[in-house]
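As recorded in Swiss-Prot, the features of this protein are as follows:
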type	residues	note
BINDING	Thr162, Gly183, Asp205, Asn248	S-adenosyl-L-methionine binding site
Amino acid sequence: MKWSEISVHTTNEAVEPITNILHEAGASGVVIEDPLDLVKERENVYGEIYQLDPNDYPEEGVIVKAYLPMNSFLMETVDEIKEAINNLLLYDIDLGRNTLSICEVNEEEWATAWKKYYHPVKISEKFTIVPTWEEYTPVHSDELIIEMDPGMAFGTGTHPTTVLCIQALERYVKENDTVIDVGTGSGILSVAAAMVGAKDIQAFDLDTVAVESAKQNIELNGVSEQVTVKQNNLLDGISGEHDVIVANILAEVILRFTDQAYDLLKKDGYFITSGIIGQKKLQVKTALEEAGFDIVEVLSMEDWVSIIAKK
């Protein structure tokens, strides 16, 4: 079978939404070639468990590659992808070069080539993310292993916004906490929350692809008893009081429900936000404070920030 390799040259800021667009278009596997992976700070802090080849990466920007089957609808699908990517400009997302190219690959090449980009990665004091096909032995007795299948939707969990969220969950979630995961995507944050002791986690996403992806990853990691995944628009219709709300989505979306998040948290509860590009940090901080939150910590990695607020 013949496959088309779709390559989008963009920016780090646009990687996650473009990845989601490609998966929704039917991509079977996505590769992210980000030169920042070669020099990430966490190499020094945690130590990467594999070596990267600089020849596989662009000199600037980020290349997102996706694989679509060759068929009569391919160019129509490509046009839809281009339109969806261009619509990201409405959210003030920098698309950089924003070029798209196509080349043909054999199934044998596709089935093995993209796996070379995915290896176990230690992303925090406790957590290591491991692709499902990799054999991995924990280095420490208290190491927590999250298994992910990068062939599924919504990436591998090693994007800075996800890493910052997991580091915050590790720090602020307590045993038996109740947690809401807004815009769950792959479900990785719900998995992490369960692994650090949360007893009841509600994971929401408006996208049906995300809901199914999250369910699979939650089952894969053995935390189905603690996590419930449902299709829902942000916090609409949600009630009760909760210990932690976590949201790794665009800054503009976070701004829509800061008041709702405040109302749904217990006293001294935490709102962990991420997906915020550095230039929008002040805007989100101001909105959180106006909603009544106290800012307790701001974590940063590359151009991204995670803001932790307390009720």
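Quick reminder: no glycine exception, Cβ is built from N, Cα and C everywhere.
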> According to DSSP, which of helix, strand or coil covers Thr162 (S-adenosyl-L-methionine binding site)?
Replying inline: helix
>> If you pair up every Cα among Thr162, Gly183, Asp205, Asn248, the residues annotated as binding S-adenosyl-L-methionine, what's the maximum separation in angstrom, rounded to an integer?
In response: 16
> Does DSSP give Gly183 (S-adenosyl-L-methionine binding site) helix, strand or coil?
Replying inline: coil
